[in-house]
Amino acid sequence: MEGAATAQALSRIGLAGLAVMGQNLALNIAEKGFPISVYNRTTSKVDETLDRAQNEGQLPLIGQYNPRDFVLSIQRPRSVIILVKAGSPVDQTIAALSEYMEPGDTIIDGGNEWYENTERRIDEASSKGLLYLGMGVSGGEEGARNGPSLMPGGSYGAYTNIRDILEKVAAQVEDGPCVTYIGEGGSGNFVKMVHNGIEYGDMQLISEAYDVLKNAGGLSNSELADIFAEWNRGELESFLVEITADIFNVKDELTGNGELVDKILDKTGMKGTGKWTVQQAAELSIAAPTIAASLDSRYMSGLKDEREEASEIFRKEGLKEEIRSDINGSSLDKKRLIDDVRQALYASKICSYAQGMNLLRAKSSEKGWNLNLGEMARIWKGGCIIRAVFLDRIKKAYQRNRNLANLMVDPEFAREMVQRQAAWRRVVGLAVQKGISVPGMSASLQYFDTYRRSRLPANLVQAQRDYFGAHTYERVDKSGAYHTEWAKLARKAR
């Protein structure tokens, strides 16, 4: 009888780790009508979450204060989401919970974990008969509470156990919820990592657009707010462009003077997923110059003191740092500059997404994950940080041709790149002329220019390699590998 009474009250799912993301995801699950048990090592976090559940609509959320009670309060087969810091905290949490779990139960790690750690944990869990999912969660606090983009990879059985929950909890777009089963192993974490790499590229490109408009175009913050708001009504409509418009409008409350954006130290932090993306690109021999440029820019931003000293040294040598805008009565047409920057930003973004997609495809074929790139674009249309209207077009490009070699050569995107390239070159050229660094836009343009050329100067590099290292070369007119005694023939020629 007691068993029956308990069964009545059992939760549908559990969540351990109640920092902001964990709390918000738990409340989202409860709000969608799934009774949930929550647990945190620091018990005050459990109480805080219970208070929020009361205040946000008396949601069906049950607090637990130790691992045993937590696990036993969930109906079988149990599914437990953990949202703790990546690395050893995840292993510690798994150890504490799995002691009370039974074969057939599932652990879902929702953190930004290195995909190989997930693959190790899948093996460890399966030796105890447990199922495992590594699930990328994107959208920040807001997304976790109201509808994130979810990227679960690992055990398909584990996914089917909680599919109904994930489909309700994820962001909803016109063609379904922003969740799909990604694939085997650590694929969910890998896809989230690449998502973050694309996000680095996006943020860098937007900051360069701002830099050019502000410093070459002389635009004020209120003009910038209007421009980004207008861009967000067109082809650039996206979460990042929308929040950028907001940022320019926020006043500095601390001093009551001007906008807050101008008071923020120009030093970017990072958690590491962007670095992992660039490392993986190098490992897989995939060119990802836009994403790499955004990572380098974050490193350079960290050299604040050195940059200030350098600015002083070059100023003494007669090189002014401030860039005079040419607006007043001179050659620069403000309206045209704004439109050029819009087109350059759009074309550069396509390159960043193309690089991310190529990285996913290369890893998928290496690991046999069979990733569906169109479906990746679809689940990023809502809830996540890189959500953007043009992801729908990316989805359609891969539907038209599942084996598309590069996003840029899809007929629709190819046409747009060609239409925008003149504006793109003008912006990069102007920036170079004025000493405004645009590493992301330049890297994207170089990527485009390299990819569209049928013949590159790599023949000379190959000749050099054969000259000093007898590395051999191939010919354009005959098959096979060739080696030439370059030094001997050059002496003869002299």
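From the backbone N, Cα and C atoms, a Cβ is placed for every residue, glycine too.
Heads up, TrEMBL stuff is auto-annotated, nobody curated it.
Remember, predicted model here, so these are calculated numbers, not experimental data.
As annotated by TrEMBL, NADP(+) binding site applies to Gly17, Leu18, Ala19, Val20, Met21, Gly22, Asn40, Arg41, Thr42, Val84, Lys85, Ala86, Asn112. Among the features that TrEMBL reports, substrate binding site is placed at Asn112, Ser138, Gly139, Gly140, His195, Asn196, Tyr200, Lys271, Arg298, Arg465, His471. What TrEMBL records for 188-487 is domain '6-phosphogluconate dehydrogenase C-terminal'. Residues or ranges marked as active site, proton acceptor by TrEMBL: Lys192. Taken from TrEMBL, the feature active site, proton donor covers Glu199.
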Spatial neighbours of Gly17 (NADP(+) binding site) that are distant in sequence (at least 6 apart) but have CB under 8 A: Asn40, Ile82, Leu83, Val84, Thr93
Among Gly17, Leu18, Ala19, Val20, Met21, Gly22, Asn40, Arg41, Thr42, Val84, Lys85, Ala86, Asn112, the record's NADP(+) binders - longest CA distance, Å: 21
Thr42 (NADP(+) binding site) versus recorded positions Lys192, Glu199, Arg298 - nearest by Cα: Lys192
Cα distance (Å, whole number) from Gly139 (substrate binding site) to Ala19 (NADP(+) binding site): 15
Cβ neighbours of Asn112 (NADP(+) binding site) where a neighbour is any other Cβ within 10 Å: 18
Alpha-carbon distance [Glu199 (active site, proton donor); Arg298 (substrate binding site)] in Å: 13
Cα distance (Å, whole number) from His471 (substrate binding site) to the residue listed as 'active site, proton acceptor': 39
Distance in Å spanning the most remote Cα pair of Asn112, Ser138, Gly139, Gly140, His195, Asn196, Tyr200, Lys271, Arg298, Arg465, His471, given for substrate: 49
The one of Ala19, Met21 whose CB sees the fewest other CB atoms within 10 Å, among these binding-site residues: Ala19
Euclidean distance between Cα atoms of Met21 (NADP(+) binding site) and Gly139 (substrate binding site), Å: 10
Proximal residue to His195 (substrate binding site) among binding-site residues Met21, Lys85, Asn112 (C-alpha distance): Asn112
